[in-house]
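S.K.: First, the structure itself, so that you have it in front of you.
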Amino acid sequence: MSRQYVLAIDQGTTSSRAILFDREGRIVGTGQKELRQHFPKDGWVEHDPEDIWRDTLAVCRQAIHAAGVAATDIAAIGITNQRETTVLWERDTGSPVHNAIVWQDRRTAETCRELVADGIEERVRGRTGLVVDAYFSGTKLAWLLDHVPGARSAAEHGALAFGTVDSFLLWRLTGGRVHATDATNASRTMLFDIVEQTWDEELLRALRIPPSVLPEVRDCSGSFGIADPELFGAAIPILGIAGDQQAATIGQACFLPGMSKSTYGTGCFMLVNTGERFVASRNRLLTTVAYRLDGRTTYALEGSIFVAGAAVQWLRDGLGIIRSAAETEELARDLPDNEGVYLVPAFTGLGAPHWDPDARGAILGLTRDSGVAHIVRAALESVAYQTLDLVDAMTADMAAATLDGGLGGLRVDGGMVVNDWVCQFLADILNRPVERPAVVETTALGAAYLAGLAAGVYASLPAVAGAWRLERRFEPGLAPEQRERLVAGWRQAVRRVRS
Ligand SMILES: Nc1ncnc2c1ncn2[C@@H]1O[C@H](COP(=O)(O)OP(=O)(O)O)[C@@H](O)[C@H]1O
Ligand SMILES: O=P(O)(O)OC[C@H](O)CO
């Protein structure tokens, strides 16, 4: 049978990946390229959209070539992407007017403080499910309109298009024919009403965003246009889009309320499915769109932590005390205990549930006996404690919303979870099972499922759920008093770094 493969594009913060999946969800070809980072000023992070486009094309061709399949055998393309990162481009040339402003970029923190002072917070919370923070696209887009010469007037004349990375790639893949996004990416802009599923006019006015720059918002699975046949040698339909954390939620088959996944890459993002209910968080988590299929929205609560694997990168590249990330496992395991040493990786402030942009990192509890292993172990432990802070907030929110069943076991993925010690410590600290799936490329898999469902390559959500396979389950095993002592130490360390 022809057309039995699905090509997933996973355009992430630090790399662009393409993975070709077969009907059984098996990987048959991959391509990957590191993405160049730009740090023009302290706290600013940019990507060149032309790099994003060139790398994406290259990795797609690499994956197709590696699989040895013809482009005519590919039924659909699915796109998943680093979320919030903001691109503004000219409609007639397709050229970006500026580098993309990356989700980590803090240049609009002051604007956010002003917006809060103007009393916008309640509307943002109630309509978009978000907190007012520089993390989201809205103030980044406003910054571009205000700082790129001529941008505001061009936008007001309908000459510019805004999009998150998915929209920009879609525009380029379709030769400038389609300006659209999906509901999950729209839900991260701080401009989109996730209950009404429309752009919010009051927020657009408050941020002075002309509606003509906005993409059309579609379901995650369905028609987004056709990739120009010149690009891959065949006209391949683009049938799925979702932000990367939502795609991982789908790849982890978290389709029932209470099911959760946590992805440990550069940062850590935990999402719990709350079904068709918008659950407003009382604990400073985000409410977000998990997916929208056939016009029906499924919601999630999300906890976003800015530094997870990035702490390990810092040990390697900043401190130079390890040579590779893999070494951390043995170093941590060789210590019987953290011996009172904690690392709070608030390098760029603290994300959920603290949202403290002015907190800064610290290593606490050092003695003359502390060595490299203590610091390494403290960095790995910090990932588990930060997850516990999210789990506690989620549990409280779900109980307050009287959601049946509560929070179940946690499905994990991302580059860090190859580390067995991390997974075991996570189970110990959370005091709940941690499940690692057989396919850890859950983000790309989720995008492939969305596109493949629309193409008929995959039958249904229950079929997708049935295909999820456990590789290893980590059971909690720490004595309660030991766990309490460790967690109390973490809480004290966080109090000491708060601004
Ligand atoms: N064995 C390991 N132990 C701990 N951390 C690891 C290990 N291997 C990789 N990492 C961390 O995982 C991260 C890479 O994960 P990945 O999912 O590729 O990130 P991203 O998609 O955010 O670029 C890096 O920050 C790296 O330090
Ligand atoms: O590209 P990642 O995997 O670091 O994910 C980035 C998130 O989508 C930011 O919200």
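Each residue, glycine too, has its Cβ placed from N, Cα and C.
Source: prediction; values computed, not measured.
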S.K.: From the candidates Thr56, Thr263, Thr266, Thr348, give the one listed by TrEMBL for the same ADP site as Thr13, Arg17, Gly309, Gly415, Asn419.
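M.R.: Within the candidate list, TrEMBL flags Thr266.
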S.K.: Among Tyr135, Tyr264, Tyr291, which residue does TrEMBL name as a further glycerol binder in the site formed by Arg83, Glu84, Asp244, Gln245?
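M.R.: Among the candidates, TrEMBL records only Tyr135 at this glycerol site.
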S.K.: Long-range same-chain neighbours of Gly309 (ADP binding site), Cβ under 8 Å, sequence gap at least 6?
M.R.: Tyr264, Gly265, Thr266, Gly267, Ala325, Gly414, Gly415, Met416
S.K.: Looking at Cβ-Cβ distances, which residues of the chain lie under 8 angstroms from Thr13 (ADP binding site) while being 6 or more apart from it?
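M.R.: Those within reach of Thr13 (ADP binding site), by Cβ under 8 Å and sequence separation of 6 or more, are Leu35, Gln82, Thr85, Val102, Trp103, Gln104, Gly265, Thr266.
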S.K.: With the Cβ atom as the reference point and anything under 6 Å counting, tell me which of the binding-site residues (Arg17, Arg83, Asp244, Gly415) are near ligand 1.
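M.R.: Going through Arg17, Arg83, Asp244, Gly415 in sequence order, those close to ligand 1 turn out to be Gly415.
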S.K.: Sorted by position, what residues of the same chain at least six away from Thr14 (ATP binding site) have a C-beta under 8 A from it?
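M.R.: Listed in sequence order: Glu34, Leu35, Gln37, Gly265, Thr266.
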S.K.: Within 8 Å of the Cβ centre of Thr13, Arg83, Glu84, Tyr135, Asp244, which other residues of the chain have their Cβ, at the recorded sn-glycerol 3-phosphate site?
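M.R.: For the sn-glycerol 3-phosphate site, the extra neighbours are Asn81, Gln82, Thr85, Val102, Trp103, Arg188, Gly243, Gln245.
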